[in-house]
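Single-structure report; data block below.
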Amino acid sequence: FKGGDTCEYLLSSGRFLGEQVWQPHSCMMHKYKNSEAKNCLIDKHVVFIGDSRIRQLFYSFIKLINPQVKEEGNKHGNIPFEDKSASIKVDFLWYPEVNGSMRQRIKSWTEGSVAKPHIIVAGAATWSIKIHNGSNEALTQYKINITSIAPLLEKLAKSSDVYWVLQDPVYEDMLSESRKMITNEKIDAYNEAAVRILNSSSRNSKAKVKMFSVSKLIAQETIMKSADGLHLPESSRDTNAMILMNVYCNKIMKPIDGSCCQPQPPLTLIQKLAFCFFTLSIIGYLIINLIHRNNFRKNKSCTDLESGEEKKPAISTPNVSTLEMLLHSFCKLGLIMTYFYLCDRANLFMKENKFYTHSSFFIPIVYILVLGVFYTENTKETKVLNREQTDEWKGWMQLVILIYHMSGASTFLPVYMHIRVLVAAYLFQTGYGHFSYFWIKGDFGVYRVCQVLFRLNFLVVVLCIVMDRPYQFYYFVPLVTVWFMIIYATLAIWPQIVQKKANGNCLWHFGLLLKLICLLTCIYFLSYSQGAFEKIFSFWPLSKCFELNGNVYEWWFRWKLDRYVVFHGMLFAFIYLALQKRQMISEGKGDPLFSNRVSNVLLFISIVSFLTYSIWASSCKNKTECNELHPSVSVVQILAFVLIRNIPGYVRSVYSSFFAWFGKISLELFICQYHIWLAADTKGILVLIPGYPMFNVLVSTFIFVCVAHEISQITNDLAQIVVPKDNSTLLKRLLCIAGFFSGLLLFSAMQDQSRH
């Protein structure tokens with residue numbers, strides 16, 4: 001850890017990922033769009049002063065504001081640019097040498113009568129080498145001249161951002177005869193002089209001219225692609241301009257995926273209260289632990305001198321053990337949340353941008369599939385979608401999704417479309433699992449609802465508090481929570497139709513189908529009525545849960561993307577349980593699900609359907625169009641997979657314990673990845689061990705999986721305490737939880753008011 005000044009790293013160091021993606025050392029660089037660049041530079045005046053290389057940087061910079069700009073006009077003269085819509089002025093001033101003329105221009109900005117530019121980018125040297133034929137006298141004069149302008153630049157740096165661009169190396173073999181004297185040796189000498197003089201002038205001053213030296217590193221990799229050996233290729237110039245934009249704009253725009261030059265966010269009131277709570281929990285647990293140890297020593301088994309019998313220590317009361325368990329859970333959770341905060345809010349660990357290659361996605365996929373097959377065991381039961389099988393399904397899907405996020409594979413459309421099916425399959429299981437429970441058990445009690453809601457939402461609520469993120473940010477949990485409540489409402493509303501009742505009269509089956517049709521109608525209506533959907537979820541306090549960036553559009557998009565798949569899961573569960581009740585399927589160990597002929601036909605249709613969907617997804621050309629079709633067709637591949645996995649008796653009788661283990665903590669894995677495996681809220685990659693990418697992934701993954709497993713255990717322990725089976729006690733706990741969320745809303749409103 002060398003400190004939190006990532007601006008210095010951005011300006012001085014980095015490496016290429018692939019051919020054109022620049023990765024600064026230790027931080028993430030945001031790719032600015034035209035609208036973002038305009039918002040950042042509104043009412044700003046930017047000046048580029050120097051030679052033809054600075055002119056190139058000038059053009060790349062203004063193209064970030066207006067891509068339609070063409071490189072035309074007098075190359076050896078001043079070039080103005082203005083964007084009137086945002087009141088942005090960017091000027092290029094032709095001063096190819098560091099001399100008296102450049103000094104006079106810079107001096108004019110230090111005088112009170114002239115408006116100072118907000119950003120000044122300066123640099124020159126190659127003309128001095130060329131005109132004076134690389135003489136040592138020219139270098140001596142360059143040192144004198146730059147020494148004379150250094151105090152002026154320092155004075156400007158107190159109120160403006162001043163950057164001195166060091167000279168890029170040249171490709172000597174491609175230089176024309178008139179430029180042969182411009183050698184890399186000479187350029188290094190001029191750069192060394194500039195760095196020594198400009199750095200020494202700021203030694204005793206807070207203001208500092210920033211050295212733009214990263215361009216040298218970029219040029220070393222790309223100068224051989226230059227057209228003349230002197231000027232950088234366009235892609236390298238664009239990278240330099242983007243770095244310059246990040247240096248100035250990140251602290252203003254605060255992009256999530258631009259961690260360079262961003263200060264650590266201040267602690268909010270809610271975060272401070274959470275810190276106090278966890279601190280008190282840790283202290284409380286330590287005190288109780290010490291008391292117990294002390295009591296244990298006092299009541300330690302000792303030999304009775306008269307009878308020779310051992311006296312057993314007194315047994316702790318249940319209340320103390322419950323309190324200890326509560327404090328122990330919060331103690332562990334507090335330490336884990338500290339790690340979360342350090343990873344993704346404090347500027348302690350490095351973060352890097354993602355970079356997709358086919359090998360970075362498919363090689364880990366093949367590796368985990370081999371591992372999964374290696375850990376094959378027999379299932380305890382051979383029913384369709386039994387517990388081991390659904391855990392296995394969740395597990396391998398979650399691992400694939402994790403690799404997808406880590407590798408940045410969302411840029412590759414065929415992979416994106418298949419991952420969308422995996423997310424839909426999770427929701428399909430939500431519909432299937434909850435419908436099956438309510439249909440078979442007929443348990444619509446408050447205890448069941450509270451248990452499910454607590455297990456789904458506990459971690460996310462804690463992260464919203466500790467990481468200062470809205471609930472909708474962790475979009476998958478709101479999605480499964482709302483769908484659970486929809487399933488519950490559909491089946492719990494009068495008339496309550498369950499399997500026991502339907503067995504007595506077949507007409508109840510039609511009643512349930514009518515309920516499902518009503519549900520489908522509502523889903524269809526809301527999916528084509530964005531206004532009605534947004535009105536429902538814009539009411540306070542629902543808006544506090546489902547708004548992201550001031551509106552509910554993100555929630556609308558996420559809900560709409562998989563709007564039918566939960567219904568498909570419910571319908572599949574209904575049909576399967578009806579067939580099972582009438583003994584129309586065979587679920588014995590090793591037996592095919594249907595007769596041999598029917599099983600073979602269904603298996604053939606399923607394989608063809610599965611492959612057909614994959615071919616369609618792989619041929620997708622437009623993400624928007626494919627997303628429109630996805631809600632209706634994703635069920636094809638999901639059902640095909642379920643049938644392929646369950647029709648053959650042998651396949652249904654085995655499962656992968658490796659995948660099933662991950663499946664049991666799949667929700668925790670999905671949520672924890674946001675902050676302690678990935679970084680910058682999933683936009684980048686957490687770097688615990690810089691310089692060793694593979695070792696870093698191994699270490700961060702090990703910690704990440706252990707933390708997810710521990711949080712799963714904590715959630716299960718707290719669920720037993722916070723959500724008791726006794727109704728009167730449960731009611732009191734619900735009132736306490738309502739009070740907690742009311743306080744949270746109050747503090748959140750106070751925070752919002754202070755921010756505005």
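Numbers here mean position along the shown chain, with the first residue as 1.
Placed from the backbone N, Cα and C atoms, the Cβ positions cover glycine too.
Under the heading domain 'NXPE C-terminal', TrEMBL lists 22-92.
The annotation domain 'Cas1p 10 TM acyl transferase' is assigned in TrEMBL to 253-734. Looking at the domain 'Cas1p 10 TM acyl transferase' (253-734) alone, the prediction's average pLDDT is 92.
The transmembrane segment annotation in TrEMBL covers 269-291 (among others). Distant neighbours of the transmembrane segment (269-291): 320, 323-324, 327-328, 330-331, 333-335, 337-338, 465-466, 468, 744, 747-748, 750-751, 754; these residues of the same chain sit at least 6 beyond its ends, with a Cβ under 8 Å from one of its Cβ atoms.
Residues or ranges marked as transmembrane segment in TrEMBL: 355-375 (among others).
Same-chain neighbours of the transmembrane segment (396-417): 354-358, 360-361, 364-365, 368-369, 372, 423, 425-426, 617-618, 620-621, 623, 626, 630, 656, 659, 662-663, 666, 669-670, 673, 677-678, 682, 685, 697, counting only residues six or more beyond its ends whose CB sits under 8 Å from a CB of the stretch. Here TrEMBL flags 396-417 (among others) as transmembrane segment.
Positions annotated as transmembrane segment by TrEMBL: 423-440 (among others).
Annotated transmembrane segment per TrEMBL: 452-468 (among others), in sequence order.
Here the transmembrane segment (474-494) has Cβ contacts under 8 Å with residues 423, 426-427, 430-431, 434-435, 438-439, 444, 449, 452-453, 456-457, 460, 463-464, 515-516, 519, 545-546, 554-555, 558-559, 562, 566, 570, 667, 670-671, 674 of the same chain, all six or more residues outside its ends. Per TrEMBL, the feature transmembrane segment maps to 474-494 (among others).
Residues or ranges marked as transmembrane segment by TrEMBL: 506-526 (among others).
Through the fold, the transmembrane segment (561-579) approaches residues 384-385, 420, 423-425, 427-433, 435-436, 439-440, 479, 483, 486-487, 490, 499, 509, 512-513, 516, 519-520, 523, 526-527, 585, 627, 630-632, 634-635, 638-639, 642 of its own chain, all at least 6 residues removed from its boundaries and within a Cβ separation under 8 Å. Taken from TrEMBL, the feature transmembrane segment applies to 561-579 (among others).
The transmembrane segment annotation in TrEMBL covers 600-617 (among others).
Residues annotated as transmembrane segment in TrEMBL: 659-679 (among others).
The feature transmembrane segment is assigned by TrEMBL to 685-709 (among others).
Taken from TrEMBL, the feature transmembrane segment applies to 730-750 (among others).
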So if I exclude everything within five residues of the ends of the transmembrane segment (506-526), which remaining residues of that chain have a CB under 8 angstroms from its CBs? That is, six or more out.
486, 490-491, 493, 495, 497, 532-533, 563-564, 567, 570-571, 574, 578
Beyond the flanks of the transmembrane segment (659-679) by 6 or more, those residues with Cβ under 8 Å of it:
28, 259, 339-340, 343-344, 349, 351-352, 372, 375, 388, 390-399, 401-402, 405-406, 455-456, 459-460, 463, 467, 474, 476-477, 685-687, 700-701, 703-705, 707-709, 711-712, 715
Six or more residues beyond either end and a Cβ under 8 Å away: which residues meet both conditions relative to the transmembrane segment (452-468)?
265, 268, 270-271, 274, 333, 337, 340-341, 344-345, 434, 474, 477, 480-481, 484, 667-668, 671-672, 674-675, 711, 715-716, 718-719, 722-723, 744
State the residues, same chain only, that lie 6 or more residues beyond the ends of the transmembrane segment (685-709) and have a CB under 8 A from a CB inside it; answer 'none' if no residue qualifies.
25-26, 336, 339, 343-344, 349-354, 406, 665, 668-669, 672-673, 676-679
